[in-house]
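Enquirer: Structure in structure tokens, see below.
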Amino acid sequence: MNDQNDIPTIGGKSFTPVAINCAAKAGEWIKTKLGSHTSLSLKYSAQDLVTEVDKGAEMMIRNLVQTHFPHHSFLGEEGVQPGPEASDRALQSVKDAEYLWVVDPIDGTTNFVHGFPFFSVSIALAHKGEVIVGVVYDPMRDELFVAEKGKGAYVRGRRMEASGEQTLRDSLLATGFPADPNYALPMNMKGLQALVPQVRNIRSSGSAALHMAYVAAGRLSGFWEYGLNSWDLAAGSLLVTESGGRVTDSKGNPYNLGVRNVAASNGHIHDAFVDELMKAEGSS
Ligand code: 2AM
Ligand code: CA
């Protein structure tokens, strides 16, 4: 990765450099707009925000991808109607595409709007439903997290390894509080109540993709959240698995693009982590 002569290619195509270029360009532009977005709209709920910067960044990424790979499919958050049903329909219509780019132009829009410096650009490429490239870029720290299927995951040119904690007691976890007050939020609260007393501590910083990247980098032992979309998780899922961690749904089933309730970890704590989530889900 850090060798100029060893530009990563898959099947002879330079997918990864295009993903990196898109994330870096969009991220730099987003950073210049921090504190100066002019339009703020609500999507599905008062917690579901979008600005002209989200839309502009997605268009920038879509145009770049289409220039390089005009026959590839593209699923971006801002091209889909708000709400879980529309997200599921959009994913169903493209998930079997030979090549599918899954893009969240700003993951952590609430943070972007409030000037809280924790948001990211998330870009994944899936081949027949399996993620083969994942890039998450944090423009505020200028940190680019990159993974390629079977080739490892890297940050700042260094190979990432998930953390070594063996028990929940030694673990630093993260979660996010979903907007959906009927199902996802109560479920998250049950998990939170079960896990807080058992772990070292819990963080909630507002970007699922960046939380996943932090699990990959060994900065968090695990992350869970309910009610997410494919574009929040696709790139991060490959970062975690290529760093030696595990990604499943909250019941321990293998990750796929349709997973909305996610549990990601360093692998060592995974069974205990999912066990607690399942017990909490079952409790009344
Ligand atoms: P976003 O900023 O791209 O919307 C924070 O808990 C995480 O949840 C972020 O990754 C955020 O992504 C996502 N999120 C925010 N509102 C959401 C909604 N209404 N449905 C699903 N995910 C949401
Ligand atoms: Ca977003």
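Using the three backbone atoms N, Cα and C, a Cβ is placed for every residue, glycine included.
Not measured: the values here are computed from a predicted model.
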Enquirer: Which single residue out of Glu77, Glu143, Glu148 does TrEMBL record at the Mg(2+) site shared with Asp104, Ile106, Asp107, Asp232?
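Expert: Of Glu77, Glu143, Glu148, Glu77 joins Asp104, Ile106, Asp107, Asp232 in the Mg(2+) site that TrEMBL records.
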Enquirer: Given the Mg(2+) site residues Glu77, Asp104, Ile106, Asp107, Asp232, which other residues of that chain have a Cβ within 8 Å of the mean position of their Cβ atoms, reported in sequence order?
Expert: Val103, Pro105, Gly108, Thr109, Ser120, Val121, Ser122, Ser207, Ala208, Ala209, Asn229, Trp231
Enquirer: Including all protein chains shown, what's the count of other C-beta atoms within 10 A of the C-beta of Asp104 (Mg(2+) binding site)?
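Expert: The answer is 33 other Cβ atoms.
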Enquirer: For the binding-site residues Glu77, Asp104, Ile106, Asp107, Asp232, which sit with their CB under 6 angstroms from an atom of ligand 2?
Expert: Glu77, Asp104, Ile106, Asp107
Enquirer: Please determine which of the binding-site residues listed here (Asp107, Asp232) has the lowest count of neighbouring CB atoms within 10 Å.
Expert: Asp232
